[in-house]
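These notes concern the structure reproduced below.
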């Protein structure tokens with residue numbers, strides 16, 4: 001390609017017309033490749049074909065005339081409708097600001113925001129349960145029953161959520177889940193004095209939130225490449241930690257100024273607002289799950305489904321192959337063990353800090369945000385650590401085992417130090433527990449990536465299976481903690497000892513049987 005210097009005697013200007021027909025000029029029949037009008041992304045781009053002969057000395061007869069003829073200009077692309085006035089004045093319209101963000105990043109961002117609201121609606125009861133118990137005269141056993149009712153719906157919705165995500169697409173399942181749990185949260189104050197009604201609302205919240213992890217897993221598995229997967233999982237599921245922090249920060253002042261009912265009204269409305277905004281975003285900027293990964297194309301047929309179709313879809317899932325895999329059983333048990341420590345601490349840590357440190361509601365909530373706040377920091381480190389190891393050629397299974405081992409042994413050690421009477425000041429105990437619970441976030445780069453690693457097609461179903469078992473500690477563990485607390489009056493026995501046991505046994509099973517190798521569960525996979 002010749003180096004071309006445009007001078008006054010060979011410069012060509014094009015009229016900034018918005019006509020869809022290409023302009024025709026004349027020139028010799030060689031190539032002048034590319035010309036772009038106005039140095040901005042929003043401008044029209046043209047392919048210019050003309051003749052310019054590359055020679056040391058150009059004869060006078062070969063000089064390009066002042067008015068080029070025979071020049072063919074092909075419009076390559078037009079990103080938006082631009083008026084002639086805008087072209088002349090050079091207006092820079094770049095709105096909305098997220099217009100040029102890759103579609104998979106929009107997908108991850110909105111899903112993470114849904115998870116923020118998810119945990120806000122989960123932890124609001126752990127703070128509101130204190131004034132509610134005083135108002136309605138509940139003891140620790142009743143309070144534990146109310147809090148554990150969430151996990152009944154959470155457990156029941158895991159497998160259906162995974163199957164629905166595979167059948168209809170994670171996007172649709174996610175939006176319906178958000179709407180369900182948000183409406184159920186908003187009506188809690190109306191039924192709080194009627195125990196069956198209160199338990200029913202919390203079950204509905206659990207059902208709505210229960211389908212969301214499988215929906216998110218389906219989206220990540222089908223749209224995010226392996227070398228970005230740890231970060232994608234960290235961002236999406238890290239929204240849970242951010243939601244815990246936000247909920248624990250907002251709930252106390254709202255309760256003190258507006259009453260405990262306000263946290264359910266306001267947090268419920270946030271979820272409804274997300275649902276409405278998501279509908280607008282879908283209509284204006286439809287997500288493309290194939291943008292960066294054509295090989296993982298996910299197509300959900302837009303057709304009416306009959307009961308026969310749904311039944312056939314359910315039968316196509318290779319359930320037997322799942323339960324014949326030792327790696328799947330390792331995921332199931334690891335999920336159970338991790339959930340025991342996570343759910344019991346999430347539900348009881350504000351009460352623990354309040355009773356052990358004699359803090360008021362606001363102070364206890366402020367201290368309670370330290371573990372999820374530290375988890376946000378740890379999650380970013382863990383995801384980069386895991387993705388860098390995989391990018392440098394370390395076997396994926398090895399990376400997942402390393403991350404999950406850190407996630408289990410760290411809180412086990414810290415809980416042991418907290419439960420043994422070492423004469424530590426209360427604030428040092430807070431620091432130890434915060435460190436251990438924060439390091440458990442390495443599981444987002446361990447267990448929670450393994451479902452996608454094993455099977456993109458069935459990732460949501462696999463998470464539905466493991467998360468069903470993982471929800472059992474929420475049902476049993478949270479209520480059992482309250483019962484043991486009433487019986488023994490010992491936080492070490494009721495809260496820490498069971499978690500330590502499951503963390504240690506979970507580590508052994510994970511190291512022995514876990515695998516991230518792609519599995520041929522069916523012919524289609």
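First residue shown is number 1, and so on along the chain.
Glycine residues also receive a Cβ, built from the backbone N, Cα and C atoms like all the rest.
Remember, predicted model here, so these are calculated numbers, not experimental data.
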Transmembrane segment per TrEMBL - which of 263-281, 282-300, 301-319: 263-281
Of 176-200, 232-251, 402-424, 461-485, 491-514, whichever stretch has the most CB pairs under 8 A to the transmembrane segment (369-390): 232-251
Highest-contact recorded stretch vs the transmembrane segment (232-251), from 263-281, 328-349, 461-485, 491-514, CB pairs under 8 Å: 263-281
Whether the transmembrane segment (430-449) meets the transmembrane segment (263-281): three or more C-beta pairs under 8 angstroms: no
Close approaches to the transmembrane segment (176-200) from elsewhere in its chain (Cβ under 8 angstroms; 6 or more beyond its ends): 114, 117-118, 121, 124-125, 132, 136, 145-146, 149, 161, 206-212, 215, 260-261, 264-265, 267-272, 274-275, 278
Beyond the flanks of the transmembrane segment (263-281) by 6 or more, those residues with Cβ under 8 Å of it: 106, 110, 113-114, 117, 120-121, 124, 127-128, 175, 178-179, 181-189, 247, 250-251, 254-255
Same-chain residues at least 6 beyond the ends of the transmembrane segment (402-424) whose Cβ lies under 8 Å from its Cβ atoms: 334, 337-338, 341, 382, 385-386, 389, 432-433, 435-437, 439-443, 445-447, 491-492, 496-497, 499-500, 503-504, 506-507, 510-511, 514
